């Protein structure tokens with residue numbers, strides 16, 4: 001049946017949100033064009049007709065940026081978009097997290113959700129349009145999606161919450177919180193905050209959820225008019241008789257195995273049980289499909305037992321209490337030649353973070369859809385396979401590494417000093433050396449220690465902790481500092497980072513359909529208790545940032561010049577500034593207001609570069625005496641360089657008190673002579689007199705005023721001095 005174009009509209013934060021269906025991408029299972037202000041995003045949802053032979057739900061979410069959306073042509077030689085930007089990967093994950101839990105257990109059809117950003121209005125966030133568009137595309141399609149969901153951004157300006165803040169409002173906001181959910185519950189939260197108390201965070205989440213509910217009602221109206229009938233699918237379920245047989249065979253052994261406290265030993269014990277059961281069925285010559293079911297049933301039994309222990313017996317696999325943190329240890333200064341390093345260990349999770357300081361010219365240049373063009377604070381996260389005792393390829397960062405790195409960056413950025421306070425580019429790299437859950441939060445703790453070790457004057461130390469949840473019917477248990485098995489088999493991974501004062505970042509992923517206010521509140525307060533305990537431990541390792549930077553870190557010298565002189569310092573095609581850099585070995589960054597940052601490991605090189613720049617911008621003053629160098633001789637006089645690039649003419653009549661027949665009788669090229677500035681004419685030409693210097697010296701009955709040479713300050717007396 002031919003689809004007709006339909007247009008639906010609702011007001012969101014004072015701006016129209018328009019959904020168009022039935023005109024574009026009609027071969028997808030579902031498609032929606034979202035217009036929010038001048039932001040335009042096309043979201044599509046497509047599914048395979050047959051289930052895939054896999055043991056997981058194959059969902060892919062892609063957020064595609066197009067630089068034409070902001071009137072840009074991509075840089076480089078290729079001139080087209082390549083791999084997704086970091087922002088695109090983060091938004092893809094942002095959309096994935098709230099929609100993934102809303103597909104039925106056992107659904108194995110491949111689903112792909114694509115949001116293509118076609119036009120960007122900076123006051124109307126494209127990620128919000130993409131999140132809503134993805135939900136609409138799934139909801140009106142024939143894909144069995146148990147939504148809809150919706151999401152909004154919540155800011156806080158002057159103590160008041162704001163939905164989808166504009167760029168101007170965001171600059172004043174101490175909170176950037178993305179909340180998504182169904183009409184009944186919240187199922188995704190992601191935030192960056194400037195040390196905001198937990199109570200305020202909770203109210204912001206609930207404030208955002210009220211708008212979410214309104215947007216869901218809007219989507220339900222759309223689905224009622226243009227929604228397709230859902231396709232019939234067969235959900236994967238293992239053979240009940242086989243499950244009963246394996247339960248009888250392995251349940252007791254699994255109960256013992258999951259309570260082995262140490263991770264590697266527990267994993268080995270569970271694998272031994274599984275291997276024994278699989279070997280039995282292999283001996284019976286079971287086919288591949290049956291063996292696959294055996295493995296899935298065994299996994300289900302392990303999951304059930306872990307969850308039963310936690311919710312019923314309040315026992316965790318490693319024997320801890322539900323609110324107990326694993327043993328902590330930390331150290332700083334572990335790498336001798338780096339600018340700062342911190343090692344943080346929590347149980348069998350261990351992260352080494354390294355802080356590197358650079359000049360402002362080392363900032364990361366961004367070429368994306370946002371207004372931001374550069375970034376001076378970076379946190380990168382690496383997760384090598386040896387951290388979990390496995391082999392594997394060492395490739396570039398994947399989506400998970402980029403997501404964890406960004407979360408750590410968001411958590412630490414509020415405490416990083418401003419460019420004026422600390423004019424350095426800061427790069428943190430977190431190397432995961434051991435992993436048993438909560439590595440992203442361990443990287444925040446290790447990075448805090450690394451910055452303090454490097455002497456970065458952070459406003460306050462930051463720690464992070466991951467909270468878990470196991471929910472069975474109406475009973476639930478919240479876990480502090482979850483380990484790998486609790487994350488894998490539980491219902492929630494709620495990461496909370498902050499200072500003693502408040503939250504700086506949080507991220508919530510869940511596997512169930514949503515959480516209530518009560519669960520969120522309990523998780524936030526339990527996380528605060530754990531965070532303060534970790535901060536107490538970190539302060540025992542290093543209580544405050546070091547007063548001195550590492551001797552291997554660059555030293556930065558700041559100077560100010562008249563902005564009108566910037567072009568003189570740079571020179572034609574950068575010739576002058578490159579000459580200074582080549583001569584001194586420093587890095588130089590110049591801002592439009594005339595502030596110059598000179599950086600080098602060698603303080604003497606900084607001072608040398610500063611002197612050269614001062615000479616370049618120095619103004620010649622009438623009446624002043626300078627020590628100059630004869631650069632050129634003509635019949636009518638000598639041209640004398642006073643300092644870098646500044647010269648003047650000593651007429652032959654001004655070379656000496658008596659009559660001078662030839663210029664060469666008094667001076668030669670290369671001589672250094674004292675001259676007085678007598679005039680700067682309308683054309684900027686400088687007239688000099690050596691005779692005036694001699695006369696002044698004779699009038700006061702003294703010798704030639706040699707102290708005037710100090711005005712030059714830096715040129716050695718390599719040539720003879722003429723009286």
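Each residue, glycine too, has its Cβ placed from N, Cα and C.
Among the features that Swiss-Prot reports, Mg(2+) binding site is placed at 487, 493, with the record citing sequence analysis. For residue 487 (Mg(2+) binding site), the same-chain residues 6+ apart in sequence whose C-beta sits under 8 angstroms from its C-beta are 437, 438, 466, 468, 493.
Under the heading compositional bias 'Basic residues', Swiss-Prot lists 711-723.
The domain 'KH' annotation in Swiss-Prot covers 554-613, and the record cites sequence analysis as its basis. Per-residue confidence over the domain 'KH' (554-613) averages out at a pLDDT of 94.
Per Swiss-Prot, the feature domain 'S1 motif' maps to 623-691.
Under the heading region 'Disordered', Swiss-Prot lists 702-723.
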Handout entry: Secondary structure content of the domain 'KH' (554-613), with strand meaning DSSP E or B
Key = 32 helix, 16 strand, 12 coil
